Amino acid sequence: SPALRTPMFVLVGSLATADLLAGLGLILNFVFQYVIRSETVSLLTVGFLVASFAASVSSLLAITVDRYLSLYKALTYYSERTVLCIHTMLAGAWGVSLCLGLLPVLGWNCLHDHAACSVVRPLTKSNVTLLSASFFLIFLIMLHLYIEICKIVCRHAHQIALQQHFLTASHYVATKKGVSTLAIILGTFGASWLPFAIYCIVGDPDYPSVYTYATLLPATYNSMINPIIYAYRNQEIQRSMWVLFCGCFQAKVSFRSRSPSDV
């Protein structure tokens, strides 16, 4: 469907790929940690897991930037320049994620120095601190952008109210839905990743490993919830899925600017 070739859906595809790889990485890591014990292969799976989760978080940041641009530069959003910007941003995000995943494989690990181990073995304390600091930076950037998006949405609603002398019920509902969606997105992201990021900094490697898994579990929930937040609620994706699997009706090609409810 041509409607799914817009920058937003490229980013959603990137997020879906990263979350799928993260799920696969979790399974592989568990198998080679507790079923088939191999330090070398376990190191590879940890690197794969770090790269996948980093790509997932980076894709969420890219989606946030895209949402901001779609409102801040609504008139020029569907231009070649925007597409190039999105592709460049994605290439940078996946490149950085791959580098982070390769760090433990290339030697930044504690296989030969157990004193340097973090709560996530075999990652070192400095490696985990870097990952946690990167997360906090990304979270702050997303928080700032979503605050700016809320301001733009409310300003648009105010302008509509001035033009029509009152704010209609439909515009009020759309504005409220847009702001509440942003709160759900940011709240889910923060609640999923903050416990693990904080524990990586304050935790001690001598603590039972169950603490690490308890804080990492909500982060995996984020990858499970992402399809519901970013894909299931989107009508274009629903229509395309029906056409793909059922062929019930033809998808209509529509290129439209986003309303606050699509944020």
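Heads up, the Cβ atoms here are built off N, Cα and C, so glycines get one too.
All TrEMBL annotations are machine predictions without curation.
On a predicted model such as this, the values are computed, not experimentally measured, just so you know.
These features come from TrEMBL:
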type	residues	note
DOMAIN	1-230	domain 'G-protein coupled receptors family 1 profile'
TRANSMEM	9-36	transmembrane segment
TRANSMEM	42-63	transmembrane segment
TRANSMEM	84-108	transmembrane segment
TRANSMEM	128-147	transmembrane segment
TRANSMEM	179-198	transmembrane segment
TRANSMEM	210-232	transmembrane segment
The transmembrane segment (210-232) in contact with the transmembrane segment (128-147), cutoff 8 A, at least 3 CB pairs, sep 6+: no
Contact call for the transmembrane segment (84-108) against the transmembrane segment (179-198), three or more Cβ pairs under 8 Å: no
Listed stretch, out of 42-63, 128-147, 179-198, that has the most CB pairs under 8 angstroms to the transmembrane segment (9-36): 42-63
Integer average pLDDT (0 to 100) for the domain 'G-protein coupled receptors family 1 profile' (1-230): 83
